[in-house]
Amino acid sequence: MKHQARKRFGQHFLTDQSVLSNLIGEMRPRADDYLVEIGPGLGALTFWLLKAVNHLQVIEIDRDLAEKLRTGAWKDKLTVHEVDVLKFDFRQLQAPFRVVGNLPYNISSPILFALLDVADQVIDQHFMLQKEVIDRMVAAPKTSDYGRLSVMLQAYYDMDHLFDVPPECFDPPPRVMSAIVRMVPKNAETRERIPHALFGRVVATAFSQRRKMLRNTWADVVPESIALEAGIALTARAEEIAPSQFVHVAQLLAMANPD
Ligand code: SAM
């Protein structure tokens, strides 16, 4: 029986085989890769991945789809985690691992932020997302797409917008343009130098009202002396500040307030 796509799970199934083949060409999966697919759905991408890898971990919330994967032709090559990916503990996997998925667009940002916490375990991530989200992820300062998502992710990952995927490549077609992004965590030394919680706070407050000067948005968070030491005038707005400058501010704050 044909599976009825469930809107609440953001189900848009890929049907265009050339998109899948191009994604595999970009990923270059190898037989012994420890690979995790988020949201395998009906298995369009899973099928292509299993041509290359010996075994695959899949995370699927939809009970019917998880059951199909557990009992279908590929059952011996799959470990099926029937769970909400936002509740999944990635630390239970063997590290380091690779991540791939045509993500449910309604929760793509929370998924990206959850994976940030395990960036030390990840080799790379290839995701299909709403193109508009990828534009924000890779945006440069002083552009309208540049914001909290750009800064938080660019500090931790090198990212490439690989290619766009139009709605007609899916069934049912989404209302928006999609695209594929590659995310590779920066080296451990670079990531470990970032005081994670402080950095998150400095960035979130700066962009809480992006048209306002940092003098206002940072009033209770960043003293002027620290902003100046990082080469930032408090008359600037968040969108003018590079990710490396936000990191610098967080580092200076951490040094000024050691715990
Ligand atoms: N990979 C398939 C494809 O490309 O045809 C399906 C992609 S579809 C956009 C998103 C998939 O993620 C669906 O299978 C959906 O059931 C699953 N999903 C949605 N929310 C989820 C969640 N919170 N945790 C795990 N899987 C989820």
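Going from the start of the chain as shown, residues are counted 1 onward.
Any Cβ shown, glycine's included, is placed from N, Cα and C.
Per TrEMBL, the S-adenosyl-L-methionine site holds HIS12, LEU14, GLY39, GLU60, ASP84; the candidate it also names there, chosen from ASN22, ASN102, ASN106, is ASN102.
Within 10 Å of the C-beta of ASN102 (S-adenosyl-L-methionine binding site) we count 28 further C-beta atoms, all protein chains included. Taking the binding-site residues GLU60, ASP84 in turn, the residue surrounded by the fewest other Cβ atoms inside 10 Å of its Cβ turns out to be ASP84.
With a cut-off of 8 Å between CB atoms and residues at least 6 apart in sequence, the same chain places ALA5, ASN102, PHE170, ASP171, PRO172, PRO173, PRO174 near HIS12 (S-adenosyl-L-methionine binding site), listed in sequence order. Cβ neighbours of LEU14 (S-adenosyl-L-methionine binding site) (same chain, under 8 Å, six or more residues apart in sequence): LEU20, ALA44, LEU45, ASN102, MET128, CYS169, PHE170.
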